[in-house]
Amino acid sequence: MCHWRYLGMLVFIALEEKIIFSKLGDNATLSCIYQGKKLPLKNLRVYWQIADDQEECSVVHALISGQDNESEQCVHFKNRTQLFWDKLENGDFSLLLLNVSQSDVRTYKCVVLQKTEYTKVIHQAEVVLSLAASYSQPILSGPIRNSNSTGEEVTFSCRSGNGYPEPNVYWINKTDNSHLLPSELTITPHTDGTYSVFSTLKVKATSDMQIECSIENRILQENLSANYTQEKQSNGSSTESHKNLEKNGRGAQAAGIISIVILMGLLAGLTCWLWRRRSSKLASYTGNEAIHLHDQF
Ligand SMILES: *[C@@H]1O[C@H](CO)[C@@H](O)[C@H](O)[C@H]1NC(C)=O
Ligand SMILES: *[C@@H]1O[C@H](CO)[C@@H](O)[C@H](O)[C@H]1NC(C)=O
Ligand SMILES: *[C@@H]1O[C@H](CO)[C@@H](O)[C@H](O)[C@H]1NC(C)=O
Ligand SMILES: *[C@@H]1O[C@H](CO)[C@@H](O)[C@H](O)[C@H]1NC(C)=O
């Protein structure tokens with residue numbers, strides 16, 4: 001290992017550096033492509049390692065004389081790395097890292113050494129691995145009327161989580177698409193590396209409020225939003241759309257209960273009627289049945 005580092009200092013090679021983003025649990029491809037002429041694999045050594053020199057264990061993957069060599073590979077990367085065997089011959093030494101976790105967020109270095117009379121570095125590349133995770137669908141609650149405020153001020157709140165990196169939160173007045181300033185914005189980091197977010201908005205209540213809370217993940221170029229719409233009714237008064245749904249829900253429930261009661265009543269009536277009919281039939285047919293019985297014997 002020290003061998004190539006020493007050589008690395010002697011031989012100047014332009015270092016390309018890339019940043020790649022992976023979601024938690026996904027597989028990430030760390031790219032390292034040598035564009036020079038084709039070289040026989042048996043004369044090559046490819047080291048993928050953690051770029052930080054302070055690291056106690058730095059070998060992520062090693063290819064020696066055309067074979068994977070696990071003898072120096074760090075335990076953290078055991079069974080989690082693969083080269084693209086069909087592409088090696090073409091100078092593509094990219095590494096597939098499986099099941100990316102928070103602890104994989106590092107700068108990785110690929111070093112390609114050629115062994116002829118002496119060993120020299122023919123290619124190097126650095127890849128910064130960063131994480132990204134989609135935020136959950138935001139949940140918008142409110143409006144809640146603020147009791148100790150003058151006028152008709154209400155509060156909305158919005159929450160989302162399981163995302164990475166830290167989100168941008170937008171409160172938008174959908175009636176004119178203006179941005180509103182949150183009165184509270186709390187971003188909480190969690191042990192799994194993700195963030196959750198909670199934000200509140202205080203606004204003056206109007207008869208046609210349309211509020212949107214939008215959670216943006218810049219890296220994934222994702223915007224997830226939740227909306228609140230206050231609907232105007234024909235009688236001029238206004239009600240809130242989700243409260244409306246709740247009311248409709250209760251109405252449907254009540255209707256359901258009433259229909260069950262009616263149905264049960266009908267069933268009881270029917271049973272009663274059938275029973276009575278049957279008893280009267282039994283009474284009237286007893287004679288005939290007796291005759292049939294006699295026929296059978
Ligand atoms: C791995 O490399 C070490 C030292 O470079 C060597 O002794 C060992 O034989 C190699 N193992 C394989 C499987 O190539
Ligand atoms: C890697 O996989 C092998 C065989 O599939 C297994 O025996 C070994 O325990 C695994 N090592 C780690 C560190 O998971
Ligand atoms: C992926 O890694 C996590 C820990 O980072 C582990 O709990 C999980 O079992 C791994 N999944 C697979 C499919 O190996
Ligand atoms: C997300 O929405 C905000 C506010 O509307 C906007 O400024 C931003 O450009 C959007 N981002 C993406 C990735 O669409």
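Heads up, the Cβ atoms here are built off N, Cα and C, so glycines get one too.
Now, the feature entries from TrEMBL:
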- 25-128: domain 'Ig-like' (DOMAIN)
- 138-225: domain 'Ig-like' (DOMAIN)
- 229-239: compositional bias 'Polar residues' (COMPBIAS)
- 229-248: region 'Disordered' (REGION)
- 254-275: transmembrane segment (TRANSMEM)
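DSSP labels the residues of the domain 'Ig-like' (25-128) in these numbers: 12 helix, 45 strand, 47 coil.
Each residue in the domain 'Ig-like' (138-225) gets a DSSP state, and the totals come to 0 helix, 56 strand, 32 coil.
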